[in-house]
2 protein chains.
Amino acid sequence: MFIPAIKGQGTEEQHEKWLPMAYKMQIIGCYAQTELGHGSNVQGLETTATFDPQTDEFVIHSPTLTSSKWWPGGLGKVSTHAVVYARLITGGQDHGVHGFIVQLRSLDDHSPLPGITVGDIGMKFGSGAYNSMDNGLLRFDHVRIPRNQMLMRVSQVTREGKFVQSDVPRQLVYGTMVYVRQSIVSDASCALARAVCIATRYSAVRRQFGSQNGGPETQVIDYKTQQSRLFPLLASAYAFRFVGEWLKWLYADVTQRLQANDFSTLPEAHACTAGLKSMTTSVTADAIEECRKLCGGHGYLSNSGLPELFAVYIPTCTYEGDNVVLLLQVARFLMKTVSQLGSGKKPVGTTAYMGRAQHLMQCRCEVERAEDWLKPSVILEAFEARAFRMSIACAKNLSKFSNPEDGFSELSPDLLEAAIAHCQLIVVSKYIEKLQQDIPGKGVKRQLKILCNVYALHLLHKYLGDFVTTSCITPKQGALANEQLRLLYSQVRPNAITLVDAFNYTDHYLGSVLGCYNGNVYQRLYEEAWKDPLNDTVVPDGYLEYVWPILKQHIRTARL
Amino acid sequence: MFIPAIKGQGTEEQHEKWLPMAYKMQIIGCYAQTELGHGSNVQGLETTATFDPQTDEFVIHSPTLTSSKWWPGGLGKVSTHAVVYARLITGGQDHGVHGFIVQLRSLDDHSPLPGITVGDIGMKFGSGAYNSMDNGLLRFDHVRIPRNQMLMRVSQVTREGKFVQSDVPRQLVYGTMVYVRQSIVSDASCALARAVCIATRYSAVRRQFGSQNGGPETQVIDYKTQQSRLFPLLASAYAFRFVGEWLKWLYADVTQRLQANDFSTLPEAHACTAGLKSMTTSVTADAIEECRKLCGGHGYLSNSGLPELFAVYIPTCTYEGDNVVLLLQVARFLMKTVSQLGSGKKPVGTTAYMGRAQHLMQCRCEVERAEDWLKPSVILEAFEARAFRMSIACAKNLSKFSNPEDGFSELSPDLLEAAIAHCQLIVVSKYIEKLQQDIPGKGVKRQLKILCNVYALHLLHKYLGDFVTTSCITPKQGALANEQLRLLYSQVRPNAITLVDAFNYTDHYLGSVLGCYNGNVYQRLYEEAWKDPLNDTVVPDGYLEYVWPILKQHIRTARL
């Protein structure tokens, strides 16, 4: 598929296919975008691709140290080719960042080609994780490639060096982003479910305190402190799964519209996936570590599976859009939506609730008893009102600044909070929608309803300040929600193990001694310990040579 | 110092000295308390030490798999002796857990002695961290030791096998706990300061977005989103330092009183150090990871120093008292203090504020403008009122249960929150007290005042729900606090680098390419990369043998 490109015969369509290939087959090609000095700000990349009309070639060059490509997976030791993002320069004019296919290493002896400096960037977080990946660095010293190794679907450079935009809509780029980010949300749900499965099973095995009359101690999963930390994460794993499924639909819908040149829902879909990517990955990263802590000391052992899961997961918060940068994009979209409310332009998709502005500003939560918090309509209204009022408050404060950009910058921490409130609303509302569908299996829907309420009410408790200060609920109603939450935990408890078994992860996939299906944790911990290479010998290498003499010296000189 | 004990001539006092030795010289002795099945619940340990009056010996035995000692540092491959905690059994009666000195390995060839099974428990979190420590497992099969290898300061077993309590006050044990935990608080401040130093310096070097007219991009430390995440952590590092200094004084005070057999302040001192150990270590663990995220992608590199700092730090949340278990102890103490309020018994030390019950239940925050939040008295009252009202609310809810233990268990998540509120108050109040002292250096006190306000107001914002639902402040006052917080960030910014330079950490100690003093980050990242062993060869071992044939195969079969 990529060979013609290498041979310099690439067409637009072939180039388009090359990109996903570059991801999948790092043995051959890697995706070289990020630089030592530039990650989030792609438009600020420094690598240059200067067109030389005399030879019909681009000259790829790294003008500064900070322009060194940094992080591409597979680049360090393996990739023979790369898609390199560089500033296109023709006739002295900078046309911004474009992609170019560049051969890096010889196909004969794998040595770097002239002008190419390439290597591995070194060790990363964790003992395994991304250390099995040769993330690399790459510098170019005036490396020449044929003109047709530029990816020319959206923009082209002619033989004469003229820069031409094709009629392919540039918005298509956002379609890819929607795709990648919706898959990250699904992955978040999987990773979270994995951590929760381990912590839940182990919490049922582990006993501590509470022995009465010499009987067994209490399973730690029966402690309310454990439940109040663990069950919201279990509920989140399900919530993220359902919102992930919905995002798959959203992507299909967006794709269909794009093919029909309908871009009307794209900005909303883009903001929605960006926000959910940010929110779900941040929550999941923290949750994996929380699950590790919920496993007590043994969670710190590598064979608990949690350290590795954490180390391999956390980059997700940074790659494909830094989570804070993404939330700011969501906030910007929300402020735009708010500003257009009076204009007759109806907010669409996940911002549709903003169309009921008057109601959401005036509504008062009607909860009088704890069980009133079980009504989906009550929950939904509280989350909608909170998200909307926080956006409105930000918009109001923004309007006090004469320069909107100054205001946006100054108020950005508040804007982040408004964006998070909006994203949480999306997850809550998609979960509630899911429960309106048929769900097969006797009693399954009832369990999922309980988890939905746990998800919503734990957020309400955690972000109580938001709900109360915006007068969406009263302090008394907040206390009732908390009371209901405790009751819900008791309802989750009897089915907690079934709810994690339902993820259907094999012991092999879980890779956790603490999370094994049969619960034979201590036996397995003991057996695993003996497999450690340190236990291959009784007396460790070097002990008698180096340590023992010190010990003998101590014993000789010890006096009372 | 330990030799006589080994030789079976130990006296009470020698045994007392042995314990700290066991920590410091793991080459010789380790501290074997935790078991595979028991951590927090020390009283539930299963290892037995049964007195045999016929031979004047104790028989140390591991009756179950879960009674295997697990985690002791230095045990796996090195320690020749251990202080083993086991249930003392004399004449068929169980006297609870006591300490015994047991030789594990031969001093001739280092092989385990008969009846001893010992090994390493395997890999742990991170690539370095505790993987340089041979945390071990240990099982006993009826191992005999002389009677006088029991640590007999508090309890004794006579030649006849009679169990006798000495007149040494048992409360002394708490003195040691106060010592260990106050040192953990100081360590938390150091670890946090280290992470904050790295993230702050790198945030001043890193630039992203915001370039105008081709000029340099904006330093990320100038973004309010970065400031609102980073500066509260900087403030926390200082706050924990000051509360750590105060705890040193507290320990000295407690020690002095213990020597005079005055136990009156011990429960309060114990609760206070337990709570602060829990609160500061939880915050620090999360903060190190937050600092890593604040460094973007490069924070994921091992040479950023942050992954290792995180991996080596997080066990602190579990050891020397699991953080949740400790907070529950604090909550129990608070409930007891509340219950005694009417009895005329005056609350002491860090609970003294509870003596002003009537005022704290009625007071209303007087903040009308953002700058009113700069008054220490206003901040202190808000934190006192919030902590007190949360404790009172818990006590009220507890009283609804006929069985207090059921109530405590059911309401434990709320009790945790009340305990945290109390601990935060301690840190805030000790910081304010510090500022009432002379602080040398021109302008230093002013900077520390700013950070104190940042510390208090960021907590107020984060826990806004607590403050508002207890009617300690109004939503409007919460918004004013947030406004003031933004202004404070702008005041921290010009001195942020100086404030982390003031920690006076050398580059060697920091161990971070991103946090280096001279800010030459990119050059150092680049140089460090080349030092990675993967870069020792141009073509990695095995590439031409294994990978290259696959590549060739791909190229042959590729079709368009």
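Including glycine, each Cβ sits where the backbone N, Cα and C put it.
Look at TrEMBL and you will find A:Glu320 tagged as active site, proton acceptor. All protein chains included, A:Glu320 (active site, proton acceptor) registers 18 other Cβ atoms within 10 Å of its own Cβ.
When Cβ atoms from all protein chains are considered, those within 10 Å of A:Gly73 (FAD binding site) total 17, not counting its own. Residues or ranges marked as FAD binding site in TrEMBL: A:Thr34, A:Gly73.
According to TrEMBL, the domain 'Acyl-CoA oxidase C-alpha1' annotation covers A:174-335.
Annotation comment: TrEMBL describes A:376-552 as domain 'Acyl-CoA oxidase C-terminal'.
Averaged over the domain 'Acyl-CoA oxidase C-alpha1' (A:174-335), the predicted model reaches a pLDDT of 96. Cβ neighbours within 10 Å of A:Thr34 (FAD binding site), excluding its own Cβ and spanning all shown chains: 19.
Note: A:Thr34, taken in sequence order from the recorded positions A:Thr34, A:Gly73, A:Glu320, have a C-beta within a distance under 8 Å of a chain B C-beta. DSSP assigns A:Gly73 (FAD binding site) to coil in the three-state reduction, placing it in neither a helix nor a strand.
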